[in-house]
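Enquirer: TrEMBL feature annotations, pasted as is:
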type	residues	note
DOMAIN	41-292	domain 'G-protein coupled receptors family 1 profile'
TRANSMEM	25-48	transmembrane segment
TRANSMEM	60-82	transmembrane segment
TRANSMEM	94-122	transmembrane segment
TRANSMEM	143-168	transmembrane segment
TRANSMEM	196-223	transmembrane segment
TRANSMEM	243-262	transmembrane segment
TRANSMEM	274-294	transmembrane segment
Amino acid sequence: MRRDNQTTPTGFILTGFSHFPKLQVALFVLFLLMHVVTLAGNLVIMVVIRVERGLHMPMYLLLGALSFSELCYTFSITPKMLSGLVPGTRTRAISFLGCAAQTHFSFTFGFMHSFLLTVMGYDRYVAICHPLRYSTLITSRVCIQLVVASWLGGGLLGLLVTCAVFQLPFCRSHQIDHFFCHVPPLLQLTCAGGKMVATVVNILCMTALLGCFLLILLSYAFILGHILQMPSAEGRHKTFSTCASHVAVVVVHYGCASVIYLQRKSPQAVGASALTDVSYTVFTPFLSPIIFSLRSKDLKNALWKSLRKSFIYRNTRFWPGSSFSCRSGYR
């Protein structure tokens, strides 16, 4: 009997928001709007960086890579979460391989995001503390290598977590008390080895997150020391303003991550962890492009420049003889 119970399930049922039936319509509309804004914001950042030659520098290449990781992370979780808010068990069903793929990609792009934020912190450190050596230390080639290393590192850690979880036998209910294939509720369905794997995964995640966070803190410790040595207040403000958007995203990213990893799991709080995890899986990708778009002056100017060019081009197509030509004073 025990051997028969230890089977590989054909699929799972995600029950994360089924505990809040009265909120499902409101949550669906809210998350759908946030998903659209997240996709649009990250796509706009990537397109503007690609089109505008003035942004073809390591700092914005890293930002483009970060937007890409946010985009992929959102695609790995949000569409299935939205379908789970639609009434009916079929929309909440996910296959075994689909669940493994979702776990892999969510961890891959989550780790990648942390690694890229660390690389961006190093980029700001070199730009502020060693400006004369910046062009030799942070070349486009080095930047691409750091981005590729972040992707490979995220992919490797994601694969390790996925293999560790899905090689376990599942013998209990196939209902996952979450809105996506999150590891803690998945491990509650295993027959044996769940506690050991949970410990290993927690150590791996905490080591990666804390390691990246400490490196970012170290970068900003040197940056802060350099800024405090500047004689003028205007110079200090101007220098720190180049880091403001990165600092804000780091605070949001690690603030929401700490809420998830430091919260006390209570069996009585059914579905409560799903609502808590929304802060990291939905709100962080939603806020990131907004913060960079509003706080980065060069990116904001490039965005308005691209919109103005698009507007002028559209007008010259429909009214070739008008004063809106590309050679007019509007340029």
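Cβ coordinates are placed from backbone N, Cα and C, and glycine is handled just like the others.
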Enquirer: Which residues of the chain, 6 or more past the ends of the transmembrane segment (243-262), have a CB below 8 A from one of its CBs?
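Expert: The answer is 113-114, 117, 120-121, 124, 128, 202, 205-206, 209, 213, 216, 220, 223, 276-277, 279-280, 283-284, 287-288, 291-292, 294-296.
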Enquirer: Hey, does the transmembrane segment (274-294) touch the transmembrane segment (143-168), meaning at least 3 C-beta pairs closer than 8 angstroms, sequence gap 6 or more?
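Expert: Output no: the transmembrane segment (143-168) is apart from the transmembrane segment (274-294).
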